[in-house]
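Quick look at what Swiss-Prot annotates:
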{"type": "BINDING", "residues": "Cys10, Cys13, Cys29, Cys30", "note": "Fe cation 1 binding site"}
{"type": "BINDING", "residues": "His49, His69, His75, Cys117, His120", "note": "Fe cation 2 binding site"}
Amino acid sequence: MTETNQIFRCNVCGNIVEVLNPGAGQLVCCNQPMELLVARRTDVGPEKHVPVVEETGTGIRVKVGEVPHPMEENHHIQWIEVIAGDMVYRKDLNPGDNPEAEFPVEMASDFMVRIYCNIHGLWY
């Protein structure tokens, strides 16, 4: 059984999917079950992976890590996502970009931030 906003990855081709509508079936890609990614806060380099949230005049700014995460071709943050109530905001990033993004979410509201590193996976 899948749940809304879960993230799955294909360990063969690298496809990543986010569940929009939960269902009873198993997600399969390349003839293999997809791996459920579990966001973490500790492990390899938390100082470069844990999102840091700051208030701005129009919402929040999310920076990836207390120490800015590398944004190189072979190691970078692919996206930053904020889930606030029934809204999902996502900023796709590319090598060379700054590992940060701004979102129109009030700091006082209830929200969740997560990021995806192409090497070290999902973080919150």
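We count from 1, first residue shown onward.
In case you wondered, yes, glycine gets a Cβ from its N, Cα and C as well.
Projection of Swiss-Prot feature records onto the structure.
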residue : record                   : contacts (Cβ under 8 Å, 6+ apart)
Cys10   : Fe cation 1 binding site : Ile16, Cys29, Cys30, Gln32, Met34, Glu35
Cys13   : Fe cation 1 binding site : Cys29, Cys30
His49   : Fe cation 2 binding site : Val64, Gly65, His69, Ile115, Cys117, His120, Trp123
His75   : Fe cation 2 binding site : Cys117, Asn118, Ile119
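Report note: the Fe cation 1 site is defined by Cys10, Cys13, Cys29, Cys30, and the residues of the same chain whose CB lies within 8 Å of the CB centroid of those residues, excluding them, are Asn11, Val12, Gly14, Asn15, Gln32, Met34. Put plainly, the binding-site residues His69, His120 were compared by Cβ crowding within 10 Å, and the winner is His69. Residue with the densest Cβ environment among the binding-site residues Cys29, Cys30, Cys117: Cys117, by other Cβ atoms within 10 Å.
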